Structure formats: structure tokens, C-alpha cells
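> Shown below is the structure under consideration.
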């Protein structure tokens, strides 16, 4: 029985997927031709390619820089109060709005920075928030 179970497990987890996995690996290495991939553990490689999926939203708040705002301004305090009340999915949507991705890059949240900027609109009620995803800037009218 043990031999049967071992052979069956080998078939299910190795032999049955060998061809699809080889095709995937060939395509992956064509798109990411790097001999150094072998230095990563699977978990590390996943983080490098996909980014982090666990978030400390308060650390994100601490890493924000402000232009034409201060941390104590009413608009900023209201923004963070509302932000922290959002469900996890909405917070990820906000992250995608600001950065173009709902994940934190592999270098980690402690190094991820974004800015909140007052666009200086003459009538802020006529403007919506908008973002520059390349520079991680949220333009937030007062």
C-alpha cells in the first residue's frame, strides 16, 4: 500500500504536470532570462514578482509626505479617519489608485512612500482627487 500511495503521489504532483510546468518554465525564462533566479527561495521569488499582500495601513500613513498640507490639517485628519474605516478591499483599491498596483513592491511597506498634495485649486469643491501613479502622488483638493 505504501508503494502504491508513493507512486500515486508522485504521479499526481510530478508526472501529471510535468509537460504544462515545462511549458510554463520555458515561457517564464524567455520573459525573465535570469540565471540568478535560483538564488531565491520560492516564497522570496513570489514576493519579488508579485509584491507583498499583507499590509500595515498605519505604517503606510506614517510614510506619507505632504506638500502644501500638514499632518494636522483637517482635510488630512478626515482623510485618514475615513481611510481606516474602509474595508480591506477598498483600501487595496485606493492603493491601486495611487500606485497603479494593489500590492506593495518587494522592497516592503516600510520603504513604500507616497505623497498627498494640495493641487491649489481656486475652488476645490469643483475638483476630484486624482493621482500620478508613476510618482505615487495623490492630489487631494481641500
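Here the Cβ of each residue, glycine as well, is placed from N, Cα and C on the backbone.
Just so you know, TrEMBL annotations are computer predictions that nobody has curated.
Got these off TrEMBL a minute ago, pasting:
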- 134: active site, glycyl thioester intermediate (ACT_SITE)
- 1-142: domain 'HECT' (DOMAIN)
> Mind checking how the domain 'HECT' (1-142) divides into helix, strand and coil residues in DSSP?
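Its residues fall into 79 helix, 14 strand, 49 coil.
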> I'd like to know the mean pLDDT over the domain 'HECT' (1-142).
88
> Restricting to the same chain and to sequence separations of six or more, state which residues have a Cβ under 8 Å from that of the residue listed as 'active site, glycyl thioester intermediate'.
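100 - these are the non-local Cβ neighbours of the residue listed as 'active site, glycyl thioester intermediate', listed in sequence order.
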